[in-house]
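First comes the structure, then the notes that go with it.
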Amino acid sequence: MPSSISWGLLLLAGLCCLAPGSLAGDAQETDASKDDHEHPACHKIAPNLAEFAFDLYRVLARQSNTTNIFFSPVSVATALAALSLGTKGDTHTQILEGLDFNLTEMAETDIHQGFQHLLQTLNRPNNQLQLTTGNGLFIDQSLKLADKFLEDVKNLYHSEAFSTNFTDSEEAKKQINGYVEKGTQGKIVDAVKTLDKNTVFALVNYIFFKGKWEKPFEVEHTTEGDFHVDQATTVKVPMMNRLGRFDLLYCTTLASWVLQMDYLGNATAIFLLPDEGKLQHLEDTITKEILSKFLKNRHTRTVNLYFPKLSITGTYDLRSVLSTLGITKVFSNEADLSGVTEEAPLKLSKGVHKAVLTIDERGTEAAGVTVLEAIPMSLPPDVRFDRPFLIIIYEHYTKSPLFVGKVVNPTQ
């Protein structure tokens, strides 16, 4: 590799913590949130984000069908779109087309304004839902970034810029990891394991989400249960249980149960439980159009629900994943990042994405809360999430998939 080429690092971190809560009788929609429903900017890019989410999911699923998957399409797409502001030529086109944008159908200004509004909306204070994102730009002291790039990533992507001494890789690593740890409230530590000596800049994106269930589980109803990883493997997990009314339907197209559980605030978790032997069919068949139908047509029924407590982590080298989606130039010696800086040729050395998911019934917010529901006299069906299933965390105002994943083994 020519010594004149310096390296950049793309680091993306996501944390999704699903905690209990209570029914909020006084939850009112603010004027600001009403405006969001009518604001077209982030809605323009929402279908592309959903398409990208499923594209990325399928690439990861093909890499391994025996491991958990968890990632934030919003985090990955935001960082790449921000980086695209400093790219030119094929490098530029590959990134935006890899994010499922058709540049003949959508103006580039609309794309960046869409992300700008998305980030503004997601970061709006909400006392019911903790949701924050951050973009950090770590720049070597010897490197001067182009003024336009710096201005654009600050204005459109709310980026913070930090001066970093990359010649001291341990100190640089500590600075970057500290930024991520603080942004994810201590949940993601040591996001960067190693830094190459040629690294001169790092673009770091994090997303932190902590949601409280509208209808929490009771801790005393959690008991040990079986989770069937595959035909040959069964593991013991803490299985939460609640008898009540849930948004649940059976989809014959997907051969799956579809459960929607709302958070206090403006987000929903969608869990898809395929029939035995139908996981591959579900992965191949699910689309953004089918997902949209579920969100619009909800069916409430009484169910005895069993759901595993879990904490899973997804860590990915995005270089191999993104190359499958056609994003290759930015990682090669042919990369054109001249919009970032003209001082030295740059390429992206690697892209790292780490996301953590925790689902439980705990939390002081749920203490002393009682939710009473009318239950019919006939015995309701049991629905047990005791085999591999998919999860999508969806934010309603922006119509965005915040997180996507697959739980194969809750104990991993």
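The first residue you see is number 1, and the count goes up from there.
Cβ coordinates come from backbone N, Cα and C, glycine included.
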Out of 48-67, 348-367, 368-387, which range is noted as region 'RCL' by Swiss-Prot? 368-387
Smallest number of other CB atoms within 10 Å: among the glycosylation sites ASN102, ASN165, that is ASN102
For the glycosylation sites ASN65, ASN266, work out the Cβ neighbour count at 10 Å and name the residue with the minimum. ASN65
Could you measure between ASN266 (N-linked glycosylation site) and ASN65 (N-linked glycosylation site) for me? Cα positions, answer in whole angstrom. 32
Quick note, ASN165 (N-linked glycosylation site) and ASN65 (N-linked glycosylation site): C-alpha atoms separated, nearest Å, by 41
